[in-house]
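Presented below is the structure to which this report refers.
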Amino acid sequence: MKSLLLFLKSQVFGLTVETLNGERNGDFEQQKENHGAKNVAPQGIPYQSSYYGQKEQAKRVIDGSLASNYMEGDCCHTEKQMHPWWQLDMKSKMRVHSVAITNRGDCCRERINGAEIRIGNSKKEGGLNSTRCGVVFKMNYEETLSFNCKELEGRYVTVTIPDRIEYLTLCEVQVFADPLEVDGTEASDSSESVDGTEAPASPESDVELPIASGMNVDLTNKSFMFPKESDINHVKLLPEKAMSLKAFTLCMKVLLNVPENRETILFSYRTMFYDELNLWIERDGRIGLYMSGDGIIFPRMKFKSEWNHLCLTWESKYGRTEFWLNGRRSATKVYHQKNTVRSGGIVLLGQDQDSYGGDFDKTQSFVGQIKDLKMWNKVLPLRSLKSLFKGREIGNGNIFDWSSLSYSMIGNVAEV
């Protein structure tokens with residue numbers, strides 16, 4: 001699946017921490033007066049990960065206009081792809097006070113949800129691993145939001161939609177920044193060498209780089225191995241379709257290497273503010289399911305010291321929820337009747353997300369191996385579940401399927 005990244009207009013403004021705390025929309029000329037920095041975006045060079053139309057679109061984001069109709073040529077637009085991005089080369093290192101972005105006004109306001117603004121000194125992969133300035137939770141049509149970057153330093157400003165296939169559309173980006181000075185002179189650019197090749201970027205202490213990733217990879221007869229307790233190691237899964245769910249079946253095989261009396265996360269799906277679908281082994285060995293609030297607990301079942309095959313089913317209409325382990329049903333419960341699992345989140349194996357995509361606790365991390373993960377946006381019939389437990393082929397999962405999985409591995413995770 002491919003995603004489109006749609007940029008309207010982006011502007012970067014510099015503000016002191018005292019004058020802007022977090023995101024804000026309003027009078028940007030007043031912001032400029034507060035922090036004294038000017039919008040440097042129009043003097044920069046824009047790039048983007050792909051082009052839905054002409055390459056000149058990238059420049060529309062820094063033309064100084066807050067017009068927001070893509071059909072009238074006001075915005076830039078990427079193809080639908082995994083983590084699309086738009087990047088501004090400010091030509092030298094700058095101290096960035098704030099960045100403001102303007103959303104599209106004629107269509108598709110929700111596409112920008114979850115976008116991240118990043119500042120750094122590397123243009124590699126669009127600066128996706130640079131330091132994060134802010135996250136767009138939600139924007140209205142034509143809305144302009146400003147994000148306090150707290151004087152982050154770097155040459156490149158990136159707007160990206162991470163961890164999902166999407167279009168990126170921006171109508172204006174404004175960057176309020178001051179040139180960096182070293183011993184009274186402006187700092188020279190060190191991100192490129194004299195022959196034009198990119199120099200190594202300085203490491204960001206709070207960023208863990210992917211060690212491997214793939215799109216629609218066949219992992220048949222392979223597994224993800226999490227060798228030890230960690231607050232880093234995890235795998236991000238990229239769904240084949242939006243996870244707006246009124247029913248699901250989630251199945252996987254796990255080989256555990258954890259002591260008794262330890263909480264262990266099996267599957268974590270979180271949107272910006274909520275745990276949408278978290279599956280746990282509780283401290284007492286029972287199974288816990290948590291979907292946006294209070295959870296339910298299934299009776300303890302004996303996990304084998306070898307591979308264990310588990311399945312979880314849920315449907316919204318009646319709230320019928322079941323957990324299966326190695327072909328045996330633990331219990332049937334009524335849970336979250338009439339509710340919906342919301343889309344736009346991050347799916348992780350190996351870690352529980354206490355915040356959107358982060359705040360991991362190594363004492364809850366998964367240790368062992370996971371394989372044969374499949375997920376459907378429906379409850380499979382009993383016959384299909386029994387066939388699955390017997391190792392028979394029942395067709396591919398339409399959200400996740402082990403024979404065509406899109407993912408990225410972070411930290412010390414091995415594909416074996």
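Backbone N, Cα and C atoms are what each Cβ position is placed from, and that goes for glycine too.
The feature Ca(2+) 1 binding site is assigned by Swiss-Prot to Asp275, Gln353, Asp354. All protein chains shown were included, and the count of other CB atoms within 10 Å of the CB of Asp354 (Ca(2+) 1 binding site) stands at 13.
Feature annotation from Swiss-Prot assigns Ca(2+) 2 binding site to Asp354, Gln364.
Residues annotated as disulfide bond in Swiss-Prot: Cys251-Cys311. Cβ neighbours within 10 Å of Cys251 (disulfide bond), excluding its own Cβ and spanning all shown chains: 23.
Look at Swiss-Prot and you will find 220-416 tagged as domain 'Pentraxin (PTX)'.
Residues or ranges marked as N-linked glycosylation site by Swiss-Prot on the basis of sequence analysis: Asn129 (among others). Within 10 Å of the C-beta atom of Asn129 (N-linked glycosylation site) sit 19 other C-beta atoms, taking all shown protein chains into account.
For Asn221 (N-linked glycosylation site), other Cβ atoms within 10 Å of its Cβ number 8. Marked as N-linked glycosylation site by Swiss-Prot on the basis of sequence analysis: Asn221 (among others).
The region 'Disordered' annotation in Swiss-Prot covers 184-206.
Summarising the annotation, Swiss-Prot assigns signal peptide to 1-14 and lists sequence analysis as the type of evidence.
Around Gln364 (Ca(2+) 2 binding site), taking its Cβ as the centre, 20 other Cβ atoms fall within 10 Å, counting all chains. For Asp275 (Ca(2+) 1 binding site), the count of additional Cβ atoms within 10 Å of its Cβ stands at 18 [all protein chains shown]. Same-chain residues that are not part of Asp275, Gln353, Asp354 yet have a Cβ within 8 Å of the Cβ center of the Ca(2+) 1 site turn out to be Ser268, Arg270, Asn278, Asp352, Ser355, Tyr356, Asp359. In three-state terms derived from DSSP, Asn129 (N-linked glycosylation site) belongs to neither a helical nor a strand segment and is classed as coil. Other C-beta atoms found within 10 angstroms of the C-beta of Gln353 (Ca(2+) 1 binding site) number 21, with every protein chain shown included.
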